[in-house]
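Here you go, one structure.
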Amino acid sequence: MKVGAPPRLELVGVSKSFPGVRANDSVNLRVKPGEIHALLGENGAGKSTLVKMIYGILAPDEGQIVFDGAPTRISNPRAARRLGIGMVFQHFSLFEAMTVLENIALGLDARLSQRDLLAEFHRVLDAYRLKLDPRRIVSTLSVGERQRIEIVRALLLNPRLLIMDEPTSVLTPQEVEQLFETLRRLAASGCSILYISHKLHEIVALCDTATILRGGKVVGTADPKRENPRSMAEMMIGASLKEIAKPAERSFGPPKLETLDLSLPKPTEFGVALKGVTLCVRAGEIFGVAGVAGNGQNELLSALSGETPSAAESVILLGEGVGRLSVTERRELGLCAVPEERNGHAAVGEFSLTDNASLTGRNRMDFVSFGLINSGKATSYAAEVIGAFTVKATGPGALAGSLSGGNLQKFIMGREILQQPAALVVCQPTWGVDAGAAAAIHQAIVDLAARGSAVLVISQDLDELLTLSDTIAVINLGALSKPMTVGEVSIEEIGLLMGGVHGDPAGTAQMTEQLHAHPA
Amino acid sequence: MNIGFIIDALVTIIGVTTPILLAATGELVVEKSGVLNLGVEGMMLIGAVTGFAVTLNFGDSLGDWAPWVGIGAAALAGAASSMLFAFLVLSLGSNQVATGLALAIFGIGLSSLIGASYVGTVIAPFNQVFPDWLAEDPIGRVAFGHSPLVYFALIMVVAVGYFLNRTRAGLILRAVGENDISAHSIGYPVVAIRYAAVAFGGAMAGVGGSYFSMVITPMWAEQMTAGRGWIALALVVFSSWRAGRLLVGAYFFGILMTLELYAKASGFSFLPSQFWAAMPYIMAIVVLAVMSARDVAGSEAPACLGRPFMPNS
């Protein structure tokens, strides 16, 4: 880096308030040219607000944004792109019903002809060795491919600063490596990268500098190569991180939840058919199901929870075939489930926490007599959940939709766990949840298993599964791999199964080669 | 069945199809932008009474131009009434279904009020643009014997199809209807685009309504659109939001409605005429039921259809 070159981006005393919240409080930040700069912080620390101001979606209340040495006002995303700022969103800003190329065209301000656009598109793909079919409809693509659209869209602008918002949360380890390769190549060509993540080992592997935010303020700057993930995590949450207490040398009881050759047809055009899923979760065991999004995870959850009925003997709870039973009947027998989508599936946003507690707990917790809900019991149960799981809410009367993602997730998990289910199935228990809440949820899952419940955790976060599970299996295209014991299996093996290359020697060889080239 | 009969039938079909095609083409653009405006019937009636009143009152001073000015006024009145809806729905975030229904009822009431003094008055019908030798040719009249609005409707459905699928502006409009949050974060003015789409839909509904009071029966009668605004709405769903299918579907409904007229005239006695009158509406329900059962309607609808979008909340 040239001495004396102005920073690519400098924020001086940037503040932003929303009614009741000071989202950013005089934030200073400096990103050098060609630097990969991490922005670390828990949910609600103000990272999103900050990058929205850099990208022109929000306007700062106070402070100065300096780009390439010149103070600027970035009034909208278009102005940001004109300066050379690109952004890849955490929740992709894609249009599902449209083609890849249409999506790309929408992200560009220049009016290119179809042919010029296609040529530019291929130029970027070649330059960064990416693969993407321009004619495919987005809804048919994997999450990794969707992210690639966003990246190509940003790269077409020849950005001088690229903002990546939690880019790896949904990728396989191999896809993450490919992404890092692309980002390193981009940084080497002089583009600065502002990388937002809560996955600390990735920041250690990728970033040159890290700025840590807490409660809207910068609490520190670190060199990730010299710090370890733990110390950065502690700066991030402002307290020492609790280790998940998991009793070593655990023994398991009899099988509690089993599936036997569970097969179901595709529920919708874009769904996934389940193909002969067989698994067994014993009392006290945490069974992890890994896999890239859209490989049958939601279908498996629906089949277990009872939303999708199956052959009676293909789902077995405590030795009894329950495949034909409804959700409510399964709950009464002790099989509770937490689906991935918090709002609208696991909880009703417009209902109070008490009503949400009644929705799943009414029978097991005895709220109902003569068809009437005992609202006193329901309220005290909701209060119990709020207390036991330190849910930040104004009380049992608070609307579920008013809670932050992490708090709502804690409430939902608590609502099921306090019912003491014989078996609990959870999908993405800590998706979009900050580190503190995630640790609490993990501990609660471990404790539930320790009390003798069988727990099945479906997640795309491999770190989470490796920390929690005793046994792990990979779901790919609706088929479940053989269960493997955590601790005896390598990340590479799991990654290969997630990529679905078993039975495909050429694909396996290629992936192995890539892995050796960039050891994870 | 002689050739004259077939020609008559074709001319009638084209006539009854045109107003629903006009209104549905406008509504297609509105729905593609992610807004559901159920007030089509009301906007059509406001257009109908405005077009009629302007043509009647300025007929003497404007001469031959009167009907054209009348149509323009109908378009403006339709657009203006749709702006009331747009303000409530897009700027204040009110519920689209309820507001649209309110607009439909408001339009029925307002048009009756404005039209009260015109009931029974007649104007010169606004048909035939081509010279007599073409327009009155026994065969040629199928193609050339119509009101300019018939050709306008056909041009507009083709133009809207081209706009939506081939132009950048159309791509942006579809993007807004598909994912308003993403479109906003990329930097497109979601609310402004929706205002424009709603205004276009209102103008088209107004023109469609004026076809009743200026072409079919050149006079004003209360609720003279007789529920065709609802057929136009069903037609947009029926077409799975595609301009080509919209054109085909409009003619399908046109044929059903013509059947009613002919059944009445020729005294088909085995079924009461009310049955034939109800036919298009029954078919609309059947089609919608079948399509939603196959989940076609759901998966092809613009993903943000009917959902409020408030960028600053």
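Here the Cβ of each residue, glycine as well, is placed from N, Cα and C on the backbone.
Below, the features straight out of TrEMBL:
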TRANSMEM  B:6-30  transmembrane segment
TRANSMEM  B:42-59  transmembrane segment
TRANSMEM  B:65-89  transmembrane segment
TRANSMEM  B:101-123  transmembrane segment
TRANSMEM  B:143-164  transmembrane segment
TRANSMEM  B:192-214  transmembrane segment
TRANSMEM  B:246-263  transmembrane segment
TRANSMEM  B:275-293  transmembrane segment
With pairs 6 or more apart in sequence, are the transmembrane segment (B:246-263) and the transmembrane segment (B:65-89) linked by at least 3 Cβ pairs under 8 Å?
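No, the transmembrane segment (B:246-263) does not contact the transmembrane segment (B:65-89).
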Cβ pairs under 8 Å only, please: of the recorded stretches B:6-30, B:42-59, B:65-89, B:192-214, which one is richest in them relative to the transmembrane segment (B:143-164)?
B:6-30
Between the transmembrane segment (B:6-30) and the transmembrane segment (B:65-89), are there three or more CB pairs that fall under 8 A, provided the residues in each pair are separated by 6 or more in sequence?
no
With an 8 Å cut-off on Cβ pairs and a sequence gap of 6 or more, do the transmembrane segment (B:6-30) and the transmembrane segment (B:192-214) reach 3 or more such pairs?
yes
